[in-house]
Every structure is written in structure tokens, then in C-alpha cells.
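Enquirer: Mind looking over this structure? Questions follow.
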Amino acid sequence: MKKSPLPVQNVQSSDKNVAGKEALVKLLRWHFGHADFRGKQLEAIQAVVSGRDCFCLMPTGGGKSICYQIPALAKPGIVLVVSPLIALMENQVMALKEKGIAAEYLSSTQATHVKNKIHEDLDSGKPSVRLLYVTPELIATKGFMLKLRKLHSRGLLNLIAIDEAHCISSWGHDFRPSYRQLSTLRDSLADVPVLALTATAAPKVQKDVIDSLNLRNPLVLKSSFNRPNIFYEVRYKDLLDNAYTDLGNLLKSCGNICAIIYCLERTTCDDLSVHLSSIGISSAAYHAGLNSKMRSTVLDDWLSSKKQIIVATVAFGMGIDKKDVRMVCHFNIPKSMESFYQESGRAGRDQLPSRSVLYYGVDDRKKMEYLLRNSENKKSSSSKKPTSDFEQIVTYCEGSGCRRKKILESFGEEFPVQQCKKTCDACKHPNQVAHCLEELMTTASRRHNSSRIFITSSNNKTNEGQYSEFWNRNEDGSNSNEEISDSDDATEAANSVTGPKLSKKLGLDEKLVLLEQAEEKYYERNKQVKKSEKNAISEALRDSSKQRLLDALTRVLQLLACVEEIDSQKGSEFLENECYRKYSKAGKSFYYSQIASTVRWLGTASRDELMTRLSSVVSLAREQEPLEEPLLATEPVENIEEEDDGKTNTVESRVDEPTQELVVSPILSPIRLPQVPSFSEFVNRRKIKQNTLIDKSSEGFDDKKPAKIMKLQ
């Protein structure tokens with residue numbers, strides 16, 4: 001029910017009393033139902049209401065939105081809120097409207113008539129909207145900036161609040177170039193106070209945000225980063241028999257809780273979700289590889305508690321306000337302490353006891369290092385996130401000290417270990433953690449012939465030639481196809497064969513010689529390091545790929561309600577054979593990438609697309625249907641005689657034995673094609689054939705026939 005605006009009017013009756021604590025608390029209780037302000041909320045509100053710039057650093061769940069929602073009620077006019085995500089704007093506007101507060105948002109997803117209605121209200125003599133949420137991209141447009149200037153000239157723009165302000169800094173873990181353009185707000189709207197809010201910002205990020213926004217003598221407020229209601233724990237994959245099983249047992253032991261599981265790769269999200277569902281845990285995968293309709297369904301099911309667990313890439317979570325999340329699990333190591341803190345902080349927003357669990361694996365660490373190094377090489381000029389930031393989270397996992405202390409120290413906050421009060425595994429079970437670290441050291445030394453497992457030992461090339469498909473924030477934002485970073489071996493192979501730039505002036509024979517030499521050099525180098533064996537596609541890999549496709553196809557068939565029309569087993573075998581035929585000679589990396597691409601295609605395919613691609617399997621299933629009915633007869637067959645060229649073959653069935661059900665399945669014998677010769681083999685065979693023909697022609701043919709044969713050849 002819409003609340004009466006009387007308390008707001010009473011507060012506005014006296015400008016002197018607008019920033020008073022009593023009036024502000026009255027607004028808080030009336031509109032939001034809270035007894036009092038928390039942390040630095042009151043100081044931030046009083047600063048911006050009095051017209052002063054403010055930089056406010058509050059932990060996730062600390063109530064940052066109150067800092068600009070109360071000022072919108074305390075004074076007439078409009079508060080402009082800049083938000084990075086449309087989902088965040090939608091959620092907050094919906095919540096405010098339910099409380100009777102006039103709020104709107106402008107985005108590209110809205111219908112034209114809705115946007116026109118909002119613009120008409122802004123142009124009216126007395127706009128009804130109190131909070132207007134916009135994206136940084138909209139502010140960058142000339143038309144909207146002109147509208148803001150008009151509102152300002154009419155005295156209707158009270159405050160500019162920039163949520164998730166760390167996005168403006170290239171030092172931050174969530175840098176967005178569009179945020180960088182917000183510095184123009186100070187030039188155009190000089191006397192409007194600016195409130196910058198963030199939950200995660202290291203000291204260098206804080207300074208960068210303040211400088212970039214041109215904040216003038218801002219009040220800098222920093223709440224403690226400590227989340228005392230969260231228990232921090234690290235589990236070591238290298239010491240577990242099966243990380244999937246361990247996670248499943250952990251979730252079962254916690255009961256029917258709401259949780260988020262973050263994964264580095266989309267395929268891991270799919271596989272882990274299937275595993276959890278198979279053991280009776282209600283879960284769903286969420287990532288940009290799914291179409292928008294499926295993502296929306298999964299999100300709604302999780303928010304409404306129809307789904308217990310959501311397994312997602314790290315793009316998920318910003319702007320999602322679900323207070324009863326009891327556990328956040330990182331199934332792969334995050335890229336920085338900032339990322340880990342923000343993501344784990346999505347647990348326990350209701351201040352009730354919650355849990356953060358990080359599954360640490362040496363191989364996962366190597367993958368993340370590989371990703372960060374590639375990112376630095378590609379974006380050395382714009383990206384300021386060196387691998388040194390990654391060292392903090394590695395130390396968090398590989399160190400034996402208090403986890404909470406390491407988190408807070410990374411943000412420049414001193415924290416006595418005694419205050420942890422056994423709210424992390426290192427303080428609660430120090431001997432057990434120390435034993436695990438010793439065992440991890442031994443295991444890593446045995447596997448990698450090195451006694452060092454810290455990041456400084458990562459410069460070796462142990463992960464070369466491995467396939468990987470890393471999550472990319474930009475790709476998730478644009479819903480584009482995911483890139484697969486193929487192995488260095490595959491790239492080298494392509495460069496080796498196609499490396500020589502063949503001039504058009506060269507003759508055919510010279511080009512053939514150059515290509516032949518390049519190929520021989522490549523294959524000779526491969527023989528030396530045995531890369532050909534390393535890159536071979538084993539039967540075990542094919543079996544695991546079939547199982548992966550089977551799981552994905554089964555899930556999609558259930559969603560599309562076409563289980564009866566397509567045999568999931570035969571469909572998965574068909575798709576795997578398709579990938580194997582195309583990429584068996586290219587090697588394991590290309591083959592596995594194609595399998596991953598097929599799994600992602602299954603997640604986005606429509607019913608018609610699925611039926612078209614698997615048409616042979618569908619038609620095969622339909623052909624088999626009429627054959628199955630007669631075979632279910634239970635009457636025994638006595639004697640069947642067949643005559644063939646005068647010979648009688650008798651097929652007897654014993655009446656006293658139970659009749660076995662006959663199953664007729666088409667024999668799909670694989671078509672064995674001749675092996676494709678390499679380029680060198682092809683050239684050599686060609687020369688041998690030419691020499692043979694010349695020898696034969698010299699025995700009994702005249703001089704013209706060899707030339708004719710060669711011409712035909």
C-alpha cells in the first residue's frame with residue numbers, strides 16, 4: 001500500500017531541520033521500517049543533504065542505497081542515480097514503488113511509450129519522480145545531458161549518486177570505460193553534490209575514483225570491511241578424491257539452504273549443475289551461453305526459491321538483492337581479493353550466520369595465471385591489473401594464518417587475530433589446515449617436480465598445450481559466443497605450415513618445395529617433443545565427451561519437452577562422431593573446443609534447430625517404432641524352417657525356457673575412409689607414380705606416350 005507523503009512534507013517544512021537526525025530517522029522508520037541508521041549511513045546522508053560531496057565505502061549488504069534514497073525524500077526535487085546494470089535498476093525501482101516512493105529508470109529495454117511518459121513528467125512544472133535511475137551510457141548522450149542541465153537550471157536536481165563507483169577506476173576489478181565519462185557531470189553540473197558509493201575499493205582505487213569524479217573536498221567515509229557473520233573456509237581439490245562429490249555432500253549437510261556457486265568456465269557450470277541435480281539437490285546453471293529466456297527463467301526460479309542452488313559464472317550477482325543466501329562457494333579460484341570479497345559478500349545480507357567456501361586447486365591457479373597473463377599482453381595499455389593482485393588470493397589459500405585478517409589487510413584495514421573468534425577454518429582448526437597445506441606441498445612436488453607451489457613458480461610452461469575456455473566479462477555482457485583459447489601447440493602448427501609467405505612470382509614446384517619443407521620441419525619438431533602423442537584423442541576422452549554431450553542433451557530435451565522424439569543416447573553419439581570426424585586429425589585441443597561449442601549450442605538451440613541437426617536420429621527412431629510391437633509377443637516359436645538352395649535350416653526355440661525379448665537395432669558400422677596423407681606423403685607418392693609411369697613407357701611405348709600419360713596424370 002502506498003504510504004502517505006505527510007512525513008516527507010513535515011520534514012521539508014523547515015530547511016534548518018532537513019539534515020537533522022530526528023527528521024531523517026523519522027523518514028527511515030516511516031518508509032523503510034528500520035529503527036535506526038547503520039554504520040556510516042547517517043553521516044553520508046547529512047553530508048549530501050547539506051550540499052557536500054561524499055565518498056562512501058561500505059561492505060556488501062551495508063545499506064548503501066539508503067544513503068541516496070533518504071535524501072530523495074528529505075528535499076524536493078530529483079536524485080539522479082547512476083547504476084551499471086539494468087537488472088539492478090529494475091529491482092530497486094520495483095522495491096521503491098512497493099514502498100510508495102516515486103521512482104523510475106530509463107534504459108534501452110523499456111518500451112517507447114514508457115520512456116516518453118517519464119520524459120513528459122521530467123518536463124512538467126512539478127515532476128512527481130523522486131529517484132531517477134540511469135546508466136552511464138545514457139548520461140554520455142548529448143540529449144540527456146541537455147535535459148539534466150534544464151532540470152538543474154530549474155533547481156530540481158538535488159543529488160547525483162554513483163553506485164558501484166569502483167567501476168570508474170582502471171585499477172578496480174570491474175573497470176568499465178563508460179563510467180570514466182562521468183567526470184563530465186562535474187563540469188556541466190558544478191554545484192550539484194556527488195555521492196560515490198562502493199563496497200570494494202583498495203586505497204589506490206579510492207584515490208582514483210575521487211580524482212576521476214573531481215570530487216571537491218569530499219567527506220570520505222569508510223566502514224569496516226569485516227563481515228563477522230560469514231565463516232571463511234578453503235578446501236583443497238588436490239587432496240580430495242572428487243571435488244563434485246565433496247561439494248554435494250557439503251550442500252546436503254547444510255540442509256535446504258539458498259546458495260551461489262561460482263565457476264570459471266561455463267561448461268563447469270553446466271556439468272556441476274547436472275551433478276547436483278542427479279543427487280537430489282535443486283540447482284540450475286546460469287551464464288551467457290544460455291538464451292535470455294532461459295536465463296530469466298532460471299533467475300526467477302532462484303529468486304522465488306523454486307531452485308535451491310544457482311551455479312553461475314562470476315558475472316552473476318551484481319544488482320541481485322537476495323538477503324537469505326546462506327553460502328557462496330567459489331569452485332575455482334577468483335582473480336583477485338576484491339572479486340572474492342564482493343562475491344562472497346553476497347552471502348548473509350540479512351546479517352545471519354553464513355558461509356564462504358573456496359575450492360582451491362593448483363591447476364585452477366595455473367589457468368587463472370594464464371588468463372591474467374594473456375589479458376595483460378592484449379591490454380597492456382588499458383589494463384592495470386597485474387598478476388601481483390592475484391598473489392593476494394593465492395596467499396589467502398596457501399597461507400596458514402587467519403583468513404579474515406588476510407582479507408581485511410588487503411584493503412588496508414588492520415585486524416587483530418583475536419577478533420576473528422574462530423570464524424574461519426584457519427583459526428578454528430589450525431592443526432588441520434597446517435596438515436592440509438603440508439600435504440598439498442607434497443602432492444604438488446610429486447606432480448610438478450617442484451617444491452614451490454606459490455605463484456612465483458608459475459613461469460614454467462606446464463600448462464602449454466592444454467585446452468581452456470575462460471569466462472570473459474565483456475562476452476557475458478554482450479551475450480556473444482565464448483572464445484576458446486586453444487593451445488599454443490595448435491597456433492604453432494598453423495604458423496609452421498602457413499608461415500612462409502609464398503610470392504606470386506614463385507613457380508608451382510618452388511611453392512610445393514617450400515610448403516613441403518615447412519611441413520617436414522613442423523612434424524620433425526613434433527616428433528622430438530612427442531607432441532603428436534600428447535595431442536592424440538584417446539578413447540577415454542571420447543567417452544567423457546559423449547557423457548558430457550549426453551548430460552547436456554538430456555537436460556535440453558527435458559526443457560523442450562521432446563524426450564520421446566529424440567533418443568538422447570544416439571543423439572549424443574551422433575554429435576560426438578560429428579566432432580570427431582571434423583577434428584580428429586587436428587588434435588585434442590580442437591576436438592575438445594568443438595565439443596564445448598556443441599554443448600553451448602545445445603543450451604541455446606530451439607526445438608526446430610535441434611530436430612534439424614539431429615534429423616537422422618529422429619528419423620531412425622521413427623523407423624524403429626513399428627518394429628518394436630511384434631517383438632513383444634510372448635508366444636514361443638516352435639520351428640521355423642527356411643529353404644535356401646535345397647538346404648533346410650531349422651531354427652528351434654525351447655518352449656520350456658522363458659522367451660527373451662528381441663531388440664532390433666540398426667547396425668551402424670562406421671565408414672572407414674582411407675587415411676588422408678600429409679602434404680609430404682602426397683608429393684612423394686606423386687613423384688613415385690611419375691617415375692613408375694616413365695619406367696613403363698621406356699619398355700614398350702614410343703616417346704609420345706609418356707608425355708601423354710603425364711599430361712593425363
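Backbone N, Cα and C atoms are what each Cβ position is placed from, and that goes for glycine too.
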Enquirer: May I ask you to indicate which of 334-353, 514-533, 694-713 is given in Swiss-Prot as region 'Disordered'?
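Expert: Matching range for region 'Disordered': 694-713.
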Enquirer: Would you please say which range out of 4-39, 112-147, 508-543 has the annotation coiled coil in Swiss-Prot?
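Expert: Based on what Swiss-Prot states, coiled coil spans 508-543.
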Enquirer: What are the other residues, in sequence order, whose C-beta lies within 8 angstroms of the center of the C-beta atoms of Met58, Pro59, Thr60, Gly61, Gly62, Gly63, Lys64, Ser65 at the ATP site?
Expert: Gly39, Ala199, Ser223
Enquirer: Tally the residues of the motif 'DEAH box' (163-166) by DSSP class, grouping H, G and I as helix, E and B as strand, and everything else as coil.
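Expert: Helix, strand and coil residues of the motif 'DEAH box' (163-166) number 2 helix, 0 strand, 2 coil.
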Enquirer: According to DSSP, which kind of secondary structure is Thr60 (ATP binding site) found in, if we only use helix, strand and coil?
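Expert: SS state of Thr60 (ATP binding site) = coil.
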Enquirer: Take the Cβ of Gly61 (ATP binding site) and count every other Cβ within 10 Å, whichever protein chain it belongs to.
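Expert: Within a 10 Å radius of the Cβ of Gly61 (ATP binding site) lie 21 other Cβ atoms.
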Enquirer: Within 10 angstroms of the C-beta of Pro59 (ATP binding site), what count of other C-beta atoms is obtained when all protein chains are considered?
Expert: 20
Enquirer: For Thr60 (ATP binding site), what residues in its own chain, 6 or more apart in sequence, show a Cβ-Cβ distance under 8 Å?
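Expert: In sequence order, Ala199, Thr200, Arg227, Tyr341, Gln342, Gly345, Arg346, Arg349 meet the Cβ cut-off.
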